[in-house]
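Engineer: Feature table excerpt (TrEMBL):
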| type | residues | note |
| --- | --- | --- |
| ACT_SITE | Glu281 | active site, nucleophile |
| BINDING | Phe99, Ala100, Val101, Tyr104, Asp189, Ile190, Asp191 | UDP-N-acetyl-alpha-D-galactosamine binding site |
| BINDING | Asp189, Asp191 | Mn(2+) binding site |
Amino acid sequence: MLFCFPSISHISQPSCQPVRQVDLDETSLVISRQTDLNETFSVLPRMSYPQPFVDKPQRTDVLLMSPWLAPIMWEGTFNRDILNAQYRQKNFVVGVATFAVKKYVRFIEGFLGSANKFFLSGHRVNFYLFTDQPEKVPSMKLAPEKKLFTITVQSYSRWQDISMNRMDIISNHIRTHWRYEVDYLYSMDIDVQMFEHIGVEIIDTLVGTISSWQYTKPRDSNSYERRPESRAAIPSGEGDFYYAASFYGGSVSEVYKLTTACFKGVTEDRANGIEAKWHEESHLNKYLLYHKPTRLLSPEYYWDEELPRPQIIRVKRLSSVRKDLKEVRS
Ligand SMILES: CC(=O)N[C@H]1[C@@H](OP(=O)(O)OP(=O)(O)OC[C@H]2O[C@@H](n3ccc(=O)[nH]c3=O)[C@H](O)[C@@H]2O)O[C@H](CO)[C@H](O)[C@@H]1O
Ligand SMILES: [Mn+2]
């Protein structure tokens, strides 16, 4: 059985996906997609690669595992060929939600051009581009396994509202569309470009990216919201890493819980006349403190262009595009 959504305009020759069924209830989504036994027992091609040894860590200069045993992705710690071979057996579809509202349409080409090349190269990816100006989406030739869906959204006068409302739009779209269309979902800022591969090492149940601005700071000088009046408040003395809202994701059901909870916090703050210090990023940080990510992306996965690159950052996989904040947000 095939299923298509007529409300989404298909830009790069989409084909209908087989139906996925993720059941919604109040707090969680349960994936009831049947496992194909042929997939489970299929024989892997022989691979040749250096043997891992328990007494020879791949890197000793960085933290490879959080205290709750979530692996942290760093260049030099994984073998992409092994990961790709394992992942290919699953036939997953990954969705990427990104927004280009008002002047941010100028970033679409750089984002999509680089993501087409470097994001989950060789794997099935659906890019979902939310914009108020669908006519400005450039027609781009994407790799056969990549598809672009453009979805029209309204604009808001304040840039903070555009940024914060992403949580609501993503949560709603999971309920109406994505639970049938994709297995994993990532939200990414549009004002970024990719320079190196971002592969299946990012795939896990709940994934956060450690901010490149604050990865060495003690928790009490990080940018968490500390005012107790805000729903995003994190009490002083608490906090793990500072996570960037520009890149997070996970299974459809976990991203549903995250975006729904964060937007609830935003809505309650609005009702109480308060706005968290870093908008939805503050709410995301609160959520990920109490719902620990199952995998962390090191700052390689969101390296800010303005920062000098220390030795531990061996590759810059993704970076923000320099922008005149006042001009682009006006
Ligand atoms: C690196 C990082 O931590 N980034 C966060 C930081 O970002 P930034 O300063 O990078 O925020 P930003 O200006 O990129 O806005 C976030 C995103 O919202 C969308 N957008 C925003 C304004 C607009 O007029 N049109 C539009 O489409 C667009 O997808 C953009 O990438 O703070 C923001 C809110 O305070 C968000 O939490 C960002 O994720
Ligand atoms: Mn940004």
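Quick reminder: no glycine exception, Cβ is built from N, Cα and C everywhere.
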Engineer: By a 10 A CB contact count over all chains shown, which of the recorded positions listed here is most packed: Asp189, Asp191, Glu281?
Structural biologist: Glu281
Engineer: Looking only at Phe99, Ala100, Val101, Tyr104, Asp189, Ile190, Asp191, the residues listed as binding UDP-N-acetyl-alpha-D-galactosamine, what is the longest Cα to Cα distance in Å?
Structural biologist: 11
Engineer: Neighbours of the UDP-N-acetyl-alpha-D-galactosamine site Phe99, Ala100, Val101, Tyr104, Asp189, Ile190, Asp191: Cβ within 8 Å of the Cβ centroid, same chain, sequence order.
Structural biologist: Thr98, Val105, Phe107, Ile108, Phe111
Engineer: For the recorded positions Phe99, Asp189, Ile190, Asp191, Glu281, which residues place their CB under 6 A from an atom of ligand 2?
Structural biologist: Asp189, Asp191
Engineer: Name, in the order they occur in the sequence, the residues of the same chain whose CB lies under 8 A from the CB of Val101 (UDP-N-acetyl-alpha-D-galactosamine binding site) and which sit 6 or more residues away.
Structural biologist: Phe130, Thr131, Asp132, Val153, Ser155, Tyr156, Ile162
Engineer: What's the CA-CA gap between Phe99 (UDP-N-acetyl-alpha-D-galactosamine binding site) and Glu281 (active site, nucleophile) in angstrom, rounded?
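Structural biologist: Cα-Cα, rounded: 15 Å.
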Engineer: List the Cα distance (Å, whole number) between Asp189 (UDP-N-acetyl-alpha-D-galactosamine binding site) and Glu281 (active site, nucleophile).
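Structural biologist: Distance (Cα to Cα, whole Å): 12 Å.
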Engineer: Restricting to the chain of Ala100 (UDP-N-acetyl-alpha-D-galactosamine binding site) and a gap of 6 or more, list residues whose Cβ falls under 8 Å of its Cβ, or answer none.
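Structural biologist: The answer is Phe107, Ile108, Phe111, Leu129, Phe130, Thr131, Gln133, Val137, Ile190.
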Engineer: Whole-number Å distance between the CA of Tyr104 (UDP-N-acetyl-alpha-D-galactosamine binding site) and the CA of Glu281 (active site, nucleophile)?
Structural biologist: 19
